[in-house]
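Here is what TrEMBL records for this protein:
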DOMAIN    1-64  domain 'MIB/HERC2'
């Protein structure tokens, strides 16, 4: 699954303080560094690498309407 461009928020294994701008802030997946690491650019301008295999620093943000 190609997740580049997906919007994300903190996941269950988040341990990076307010690097994302704080609880509930959104970022965008920029690219994959490896099968275990993804680069996210947060809306506050910060970019960093996060874990995405075994432990999950991120969750995909679903903004679609519910029906």
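Note that Cβ sites are derived from N, Cα and C of the backbone, with glycine treated the same way.
Bear in mind that TrEMBL entries carry predicted annotations, made automatically and left uncurated.
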**Prompt:** For the domain 'MIB/HERC2' (1-64), what are the DSSP-based totals of helix, strand and coil residues?
**Reply:** 0 helix, 30 strand, 34 coil
**Fill in**
Taking every residue in the domain 'MIB/HERC2' (1-64), the average pLDDT works out to 94
